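Lifted from Swiss-Prot, the feature list:
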| type | residues | note |
| --- | --- | --- |
| BINDING | Gln88, Gly106, Glu107, Gly108, Lys109, Thr110, Asp509 | ATP binding site |
| BINDING | Cys846, Cys848, Cys857, Cys858 | Zn(2+) binding site |
| COMPBIAS | 818-840 | compositional bias 'Basic and acidic residues' |
| REGION | 818-869 | region 'Disordered' |
Amino acid sequence: MVSAIFRKIFGTKNDREIKKYVKRVKFINTLEPKYEAMNDEELKAAFNELRAKVKEGVLGLEEVLNDVFAVVREASKRVLKMRHFDVQLIGGMVLHEGRIAEMKTGEGKTLVATLPVVLNAMSGKGVHVVTVNDYLAKRDATQMGELYNFLGLSVDVVLSGVYDDSVRQAAYNADITYGTNSEFGFDYLRDNMKFDAKDKVQREHNFVIVDEVDSILIDEARTPLIISGPTNRTLDGYIKADEVAQKLTRGEAADPNVPNSKATGDFVVDEKNRTIMITEAGISKAEKLFGVENLYNLENAILSHHLDQALKAHNLFERDVHYVVKNNEVVIVDEFTGRLSEGRRFSEGLHQALEAKEKVKIQEESQTLADTTYQNYFRMYKKLAGMTGTAQTEATEFSQIYKLDVISIPTNVPVMRIDKNDLIYKTQAEKFKAVIDEIKRSHEKGQPVLVGTASIERSEVLHEMLVKAKIPHSVLNAKNHEKEAQIIADAGAKGAVTIATNMAGRGVDIRIDDEVRALGGLYIIGTERHESRRIDNQLRGRAGRQGDPGMSRFYLSLEDNLLRIFGSDRIKAIMDRLGIDEGESIESRMVTRAVENAQKKVESLHFEARKHLLEYDDVANEQRKTIYKYRDELLDKEYDMSEKIAQNRGEYVALLLDQAEIFHGGLKDDYDIKNLCALIFNDCGEEINESELKGLEYDEILAKLTEILAKRYDEKMSVLEPTQKRDIEKVLYLQVLDNAWREHLYQMDILKTGIGLRGYNQKDPLIEYKKESYNLFVELVSRLKSESVKMLQMVRLRSREEQERETAAMLERMQEQQDEGLKFNQREGEDAPAVREKKIPRNSPCPCGSGKKYKDCCGKSGPKKGILA
């Protein structure tokens, strides 16, 4: 009550923020006549003068903001024939301050972005503008590029499929770079797999504006960016697990309100949390079918994992809802955009389980070579901002995860769209009949209708019903996306009927003419509520742009997934009380609120899932940053490795003494020097005379052995120029580092897969994950030190000319393996396509130059079996 009175007197927090911006907008407006009076050359000169002062540090961005915004507005009037509205100036200031600007559909977000983009590009440190697809990135870079070029700023775009380093470098070196979230993220990962600093394409992460920020930072947050390579694991387990899963019977969960109630059947599905629980009866049955005594023994861990994924594939994932089968492949359907996610695969074996279910070719599992999340990638920028039409529903998450405020920007013209209360029916059949009747009424009077569906399957059901009703219409879904722009552009024509999945929620504006305005504008019909209120709001937002009339209404049924799983009991009770007959519906604000509460429940669950993912990735992210920082040091031509090599050599010798059971304080007569010398020879090919070490104390052996190895190494390297020596050391160190990091990521994957089971032992899985991942990282560092010393000691040099050729060839081979042998894949919190790497024949000379066969040298120290496997 008190807060309501406070808001009435002082306005909301958003209102108070807007008032501050309005004062500044008034001042910017006073500058308009000054810049209008200038000719083109004078306007450019005024901008360049401001730009020079910013670059020299004489003026800060805040000090030049008013003039720069006024200049950009004037330049836009001349070049683009568009003048920034006052509310667009407010949006520009919000973005410049590193906040999220929530702007309704049709309010010109693309034009708004030009203001902070130009302002921040003046520093010369680069500005990135992120869009949801290549088409929008190219379109915006081309259209807005005319304005940027007029002001002397360079603009470029990074597109998928164009991976030439020189092309990418040119794009990132431009003042302004457009591209998609996945391309920016993958370029970051690719850069940290390069063997020469000059091949890196990205520069510092200065300022980024994310268009459709809710889609990228919220919806895509559960999608890790992963570069992956092949594994040698067999695929037979997926087929067997699929056969077993189909023989198990689905049951009901135990009723918490009934004492001693037990779950029935072989397994229980929790649709709310999207999990499967196998009952005792199910475990016994599965063990018989697999022919094992204990399904949950360590040696059967892979079997139980395959079975879990097979049960998920059959009971939680629907064809034409969560995925489609296209060209004999399982392709994911993005639940938020409705588009096909080509090249993306579910991980942890789920995609293979779906392939087994659909009887298509099962592709190999993959191993992580490099990964990050969008949360951690975008948090690297010094300043992050975003814009979207729908952000307030996720304001808490933006604040907690990204430290971003959401500011709702007033519309330039009041919204005239009428949003009607939901209509709720008992069954889906009744609901769809009512939808068809409503479409028919609107079509007969000429009012265009856009019908939103939550899945491909539902869009095709409606399509068949409209065909029977003889109502002409267009269908837009992931199976028919090629004509998307044309279908959406025509959706506002008189009498048009368009059925669309969530694809219609963003991107292209639907324009209407005066005749359609007189008929009430575009009519939006939603056939069910999405789990996220934002997706519903995006659908509604297709109507009523820039003050146009329009109308929206959602038709629901108690059989819809959202109501069935999360909230129908209360609504069903109301319908029963009111005695609703077949074909009748409820329309009340109370029911609409109940539906929104169900959506809030789901949003809360998803938020917790994303937060959970981030908590785990934050652990890995600290390790990732440490490794990448060290990698950058190695790539620095001025970095001298001599001290690091000497330190590692001493630690390596101490490790060898431990392995030979030569301990500090032991009796020197008991030391097995012969065994120690054999270990050294097997490890790094160095022959040590036993007599040099016999009769010495522990400290003396440590010092003597370190001295011998150092002396031999220095003698070997003395024939090289200092720069050659440094290059060889760095190349070998990078090779060891990348192999060790790759193996570490594999072990981290295994750890993450099984860590949830610790909860059954009354232990917090996250705390356990932090402890064990730290131990794995300590092992990684130790392995890195010892393996690097081994590699350096094993190097056998030829003549200087031969060595130069060998070093150059080796660098080229290593980079080829990264560039050609890898595929860059996103995977959805869950596997990426199998990747082919160039393989060195086992009996070929080792590329490190040791003179040994590959199988006896680096091939022997390749990825080992994970410690938790």
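Using N, Cα and C of the backbone, Cβ positions are placed for all residues, glycine too.
What you see is a predicted model, and the numbers here were worked out from it, not measured in a lab.
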(request) For Gly108 (ATP binding site), list the number of other Cβ atoms lying within 10 Å of its Cβ atom. (result) 17
(request) Identify which of the binding-site residues Gln88, Thr110 has its Cβ surrounded by the largest number of other Cβ atoms within 10 Å, counting every protein chain shown. (result) Gln88
(message) Restricting to the record's ATP-binding residues (Gln88, Gly106, Glu107, Gly108, Lys109, Thr110, Asp509), give me the longest CA-CA distance in Å as a whole number.
(response) 18
(request) Determine which residues of this chain, when Gln88, Gly106, Glu107, Gly108, Lys109, Thr110, Asp509 are set aside, have a Cβ within 8 Å of the centroid of the ATP site's Cβ atoms, and list them as they appear in the sequence. (result) Met103, Thr105, Leu111, Val112
(message) I'd like the Cβ neighbour count for Gly106 (ATP binding site), meaning other Cβ atoms within 10 Å of its Cβ, all protein chains included.
(response) 21
(message) Rank the binding-site residues Glu107, Asp509 by how many other Cβ atoms lie within 10 Å of each Cβ and give me the one with the fewest.
(response) Asp509
(request) Please report the number of other Cβ atoms within 10 Å of the Cβ of Lys109 (ATP binding site). (result) 23
